[in-house]
Amino acid sequence: MEEEDVGEDMTVLIVGLLEEVRPVTDYTSSMVQWMRHRQPRYKGGGRMEMERPSPSYIVDMLPPSAKPQNAADSVPAKLLHSSLNKVKHPINVVKWTPEGRRLLTGSSIGEFTLWNGMGFNFETISQAHDSAVRAAAWSHSEDWLISSEQHGVVKYWQPTFNNVKVVQAHGFNDAVRDLAFSPNDSKFVTASDDKTLKIFDFAGGTEESVLTGHSWDAKTVDWHPSKGLLVSGSKDHDVKLWDPRTGRCLTTLHGHKNTISKTKFEPNRGQLLATAAQDQIARIFDLRLMRDICLLRGNQDKIATLAWHPIHSSLLSTGGADGSICHFLLDEPNTPPGTASSTSLPPYDCADPASAPAQTIFPAHTIRYAHDFAVWSIDWHPLGHILASGSNDRATRFWTRPRPGETDCFSDKYHLGDAAAETQGAWDRRGGRKVMREDEEQELEDEADGLQDQKMPVKQPMLPGIPGLSMPTNGTSDGPPARRYPNISNIPPPPPNLPNGLAGMDPEQFKAMLASGSLPPPPPQFGGSLPPPPPNFDMSKLPPGLLPPGFQPPPGMPLPPSPGGFAGLPGIDADGSGPGAGGVRRRGPLPSQEQSLMEEQRRGKYRIAR
């Protein structure tokens with residue numbers, strides 16, 4: 001019986017621990033396995049076993065770098081975690097740090113929040129800007145971060161997020177919508193609502209040139225990863241290519257019928273350009289042909305942002321205004337059943353690529369209900385195994401590829417919606433709310449643990465009515481005199497009109513000055529204690545609490561009464577003394593905000609308003 005009880009207890013303990021385990025994505029084993037067994041491509045690649053749809057092959061999962069030709073294996077279809085701040089605001093920018101250990105998010109009130117890249121828990125938060133964060137970009141050397149805000153300001157940040165420079169790039173009412181570094185990090189370019197692009201010298205923060213040509217707000221800009229070439233998109237529906245040396249517009253790419261929301265060069269080869277607009281279509285341009293070769297359809301609302309995969313040049317992800325995220329494979333049309341597409345061939349396979357129609361490509365995978373509102377920003381992890389998204393629903397979510405043999409993620413509420421998932425039994429509305437509440441409470445605890453309270457210095461006893469002036473000490477001290485004034489090391493000298501050389505003055509002259517009244521009489525000495533009160537002065541009529549602690553009145557003089565209704569504190573006697581108090585009443589330390597919050601959470605009294 002005892003062995004059975006022990007086995008049941010261990011089972012309950014293991015189940016409880018599994019329920020409390022947070023989602024963690026540790027890519028160390030996959031990277032180490034690939035680096036250990038990889039071989040050069042001319043030797044046939046690696047010796048690792050191919051993955052199959054079975055849970056037993058989870059240990060054989062490989063990072064995207066091990067399979068550069070298999071972009072379909074890196075499509076992120078599974079939700080890992082949803083992160084929420086204690087004070088929730090729309091997330092305008094998500095950006096991974098260059099080493100991939102943390103995710104930086106910028107909110108609509110100018111806050112920077114750092115989330116852990118493996119456990120997805122809160123790490124720290126700071127007030128980075130005075131208005132909404134609009135864009136952020138890391139330098140190619142990974143040593144600097146620049147960010148922009150609604151009021152036209154660009155700030156420089158070190159990897160430790162120390163702000164070292166502030167540049168007023170555009171007018172106060174002209175938001176900087178996008179920015180990008182040059183290939184050698186010596187310059188950066190900004191796009192603003194004042195219809196202009198500006199190129200700045202990074203070291204000096206000075207404006208070098210202004211590119212004009214758009215007839216409406218410039219919404220996006222990008223610098224080619226290896227060449228002197230700029231691309232910009234505007235509210236006037238045009239995509240323009242620029243020469244940053246001369247500031248001349250090289251060409252204008254037409255085709256979109258609404259505001260251009262994002263333009264992005266392909267980061268690996270730099271031969272393709274992706275543009276997204278609010279006409280629900282994204283276009284892929286070939287810079288060698290200077291024309292569009294692919295039309296990405298399938299978004300049911302405006303496209304707000306897009307991002308290239310850092311490893312696979314044929315994988316592109318878009319975020320829509322309806323909260324959906326679509327993943328496109330440029331080498332797979334993925335035409336839906338029943339859809340007639342006359343442009344299923346790429347222009348490269350046609351006899352005349354320059355005049356052939358663009359190929360229509362549909363999403364390889366769509367997360368229709370990824371967010372409740374518009375997806376403003378998406379960014380890939382540097383290793384390519386996690387996609388982060390920030391939305392107007394104030395949530396930051398992390399997505400990754402399903403593990404081998406895992407199919408439950410395709411029938412969750414993010415793919416089917418709340419109503420359909422509840423109908424199929426894949427999601428419980430009440431249980432989902434409970435889980436959401438528990439996740440938010442866990443985020444609150446993480447934020448309480450991550451933030452450090454500011455420890456105030458210990459307050460010294462002060463004279464009543466004179467803030468900042470310490471109590472006089474009885475007797476003398478061999479050490480240096482205590483400071484009587486805050487932030488002042490020495491006592492200020494007396495006014496110059498008072499004689500300070502009394503030791504060398506003639507006694508007769510000093511007596512004459514006292515008799516004539518030109519010199520005030522010196523104060524009487526009381527042996528280091530306070531002077532006695534005036535005659536016929538009743539100290540019992542003073543208001544309670546006026547005299548300093550430990551004051552000893554002259555013999556025969558009554559003390560003022562103690563404050564009425566005071567019943568005393570635990571551990572302190574009626575005479576103000578207690579164990580170890582030394583005859584002086586002392587106040588115990590008050591609990592910090594972190595301790596109070598955690599105590600309320602343990603009691604179950606703290607609940608988030610719904």
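Cβ from N, Cα, C; glycine included.
Record features (TrEMBL):
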- 126-158: repeat 'WD' (REPEAT)
- 169-210: repeat 'WD' (REPEAT)
- 211-252: repeat 'WD' (REPEAT)
- 253-288: repeat 'WD' (REPEAT)
- 368-399: repeat 'WD' (REPEAT)
- 422-454: region 'Disordered' (REGION)
- 438-450: compositional bias 'Acidic residues' (COMPBIAS)
- 516-610: region 'Disordered' (REGION)
- 519-536: compositional bias 'Pro residues' (COMPBIAS)
- 545-563: compositional bias 'Pro residues' (COMPBIAS)
Most Cβ pairs under 8 Å with the repeat 'WD' (126-158), selected from 169-210, 211-252, 253-288, 368-399: 169-210
Are there residues at least six beyond either end of the repeat 'WD' (253-288) with Cβ under 8 Å to its Cβ atoms? List them, or say none. 219-227, 231-235, 237-241, 294-297, 299-308, 310-311, 313, 316, 318, 321, 328, 330, 358
The correct DSSP tally for the repeat 'WD' (211-252) reads 0 helix, 23 strand, 19 coil
Across the repeat 'WD' (169-210), what are the DSSP residue counts per state (helix, strand, coil)? 0 helix, 23 strand, 19 coil
Tally of residues which DSSP labels helix, strand or coil - the repeat 'WD' (368-399): 0 helix, 16 strand, 16 coil
Summary of DSSP states over the repeat 'WD' (126-158), given as helix, strand and coil counts: 0 helix, 18 strand, 15 coil
